[in-house]
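J.: Below is the structure I would like to discuss, written out as structure tokens.
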């Protein structure tokens with residue numbers, strides 16, 4: 001029998017379908033939001049209509065934007081899109097057009113005169129003789145931001161409550177990062193802040209119809225891996241089962257977002273996030289509303305599209321954006337040839353991790369509906385069962401692991417990746433599939449420093465040799481649900497050893513880790529290695545709680561300590 005989740009037990013139209021109507025056999029628009037409850041404003045939330053969202057930087061001052069990004073004024077393309085225009089962007093752009101061809105025009109001076117720079121998140125002012133656990137506890141206040149109001153023309157979106165940012169170049173909240181950060185907040189006793197994070201995401205769902213990639217205007221066209229149901233489950237473990245009913249309206253809207261557009265699909269067709277396979281099964285993919293270069297990686301995307309000689313640039317841009325929505329930006333999973341970014345085809349892939357998370361969302365909706373005393377619980381449970389059957393039919397490789405499915409070529413991937421453990425994390429795997437997946441993962445992905453992301457070295461950051469904290473936790477938690485405690489412990493302890501070794505040497509936690517014996521930070525990708533780091537902090541605390549004998553609570557050796565910066 002499949003395991004149920006083991007822990008606690010396009011916006012949607014305001015008019016919900018009749019309560020308790022059976023969902024099976026009805027159109028997607030009928031079942032994405034059954035029995036919708038009137039949304040009750042969350043305590044302390046901003047309930048007035050938000051100000052009109054400013055256009056993204058590439059649309060607000062297009063000629064200036066392209067000149068800055070093409071001219072590579074800044075090492076990181078995200079840097080400029082986070083700058084604050086000091087006056088109306090249209091006027092700034094007009095002045096640029098009037099001046100830029102004049103002799104002696106200095107683009108950098110023009111930018112400095114018209115924009116305010118956003119500094120990176122600093123986390124290096126903590127005493128350097130603290131142990132790892134105490135260091136993480138001291139990091140939380142440095143990563144907290146409160147932006148209930150933002151200046152006019154900012155790309156930042158206001159949120160009603162404080163929130164935790166990852167660190168470094170990531171000065172805003174991120175959707176899927178935040179679940180792993182919240183695990184650590186709860187473990188640190190910061191349950192109020194964890195609840196505030198959850199309320200912020202509920203606010204984003206109510207305001208924009210979905211949780212965007214992050215709270216920036218240029219992230220609104222997509223989401224990220226749907227972990228809102230896990231956040232609700234986490235908070236229910238703190239406050240009790242009533243949490244499920246409190247967030248039921250937002251859970252339903254979240255589901256509506258991911259299922260929107262599937263009403264009229266015929267077998268072999270897709271719309272937005274929804275794919276109807278040849279046998280009529282409905283599963284999901286990653287998607288983005290826009291098919292233009294990402295503002296935060298504009299030059300990178302235009303160069304990638306230029307290398308794809310046989311494809312329209314818009315298709316490449318959409319797939320790059322969908323890859324960003326996946327959180328795995330980027331990986332061989334999305335590449336047609338397994339190595340070249342310009343062959344990216346994310347929207348052709350039905351990912352095992354996304355569909356596992358949506359199964360958990362359906363199960364959580366069933367649980368939340370049960371608290372209302374309606375039959376909708378049975379309906380969502382039936383939808384979850386349908387998804388499980390489709391996953392077993394299309395995303396299970398007979399070689400012994402879960403994998404991604406290409407719905408356009410009707411082929412199943414033969415690559416073992418860390419995503420194969422998401423069905424265990426979501427509780428949808430059978431005992432046999434869980435055991436065989438564990439065997440495959442041990443043989444293909446176990447490294448000296450933990451769980452590898454994939455077994456391919458491509459230069460992309462979500463491939464060999466990098467290890468990522470969220471994937472370590474998905475693995476450890478998922479394996480433990482199915483009694484694979486030995487492999488879970490091996491992965492968890494090896495990753496803790498990597499975290500501790502780098503911490504002892506450099507007194508910081510980073511976004512990703514190399515998994516070789518030298519315990520270095522990870523590489524690859526579009527930007528330099530970032531420290532802070534939200535999800536690493538959260539997962540490290542969870543692993544320390546599970547495996548305290550690993551000795552990762554020691555303070556860095558004094559001989560390894562960096563000198564304190566000189567006083568100004």
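Placement of Cβ uses the backbone N, Cα and C atoms for every residue, glycine included.
Not my notes, these are from Swiss-Prot:
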| type | residues | note |
| --- | --- | --- |
| ACT_SITE | 329 | active site, proton donor/acceptor |
| ACT_SITE | 511 | active site, proton donor/acceptor |
| BINDING | 169, 176, 177, 213, 222, 223, 224, 294, 295, 296, 327, 526 | substrate binding site |
| SIGNAL | 1-38 | signal peptide |
J.: Of these recorded positions, 177, 329, 511, which scores lowest on Cβ atoms within 10 Å?
T.: 329
J.: Of all the binding-site residues given, 295, 327, which residue's CB has the most CB neighbours within 10 A?
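T.: Of the binding-site residues 295, 327, the most buried by Cβ count within 10 Å is 295.
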J.: If you draw a 10 Å sphere around the Cβ of residue 169 (substrate binding site), how many other Cβ atoms fall inside it, taking every protein chain shown into account?
T.: 18
J.: Using DSSP reduced to three states, classify residue 222 (substrate binding site) as helix, strand or coil.
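T.: Once the DSSP labels are grouped into three classes, residue 222 (substrate binding site) ends up as coil.
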J.: Measure from the CA atom of residue 329 (active site, proton donor/acceptor) to the CA atom of residue 169 (substrate binding site) and give the result in Å, rounded to a whole number.
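T.: The separation of the Cα atoms works out to 16 Å.
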J.: Compared by Cα position, which of the recorded positions 177, 222, 224, 295, 511 is the closest one to residue 329 (active site, proton donor/acceptor)?
T.: 224
J.: What's the CA-CA gap between residue 222 (substrate binding site) and residue 511 (active site, proton donor/acceptor) in angstrom, rounded?
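T.: Rounded to a whole number, the Cα-Cα distance is 22 Å.
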J.: Which three-state DSSP class does residue 295 (substrate binding site) fall into?
T.: helix
J.: If you skip the near sequence neighbours and keep only those at least six away, which residues in the chain come within under 8 angstroms of residue 224 (substrate binding site), Cβ to Cβ?
T.: 174, 175, 176, 211, 213, 214, 325, 326, 327
J.: What's the CA to CA span in angstrom from residue 295 (substrate binding site) over to residue 511 (active site, proton donor/acceptor)?
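T.: Residue 295 (substrate binding site) to residue 511 (active site, proton donor/acceptor), Cα-Cα distance: 22 Å.
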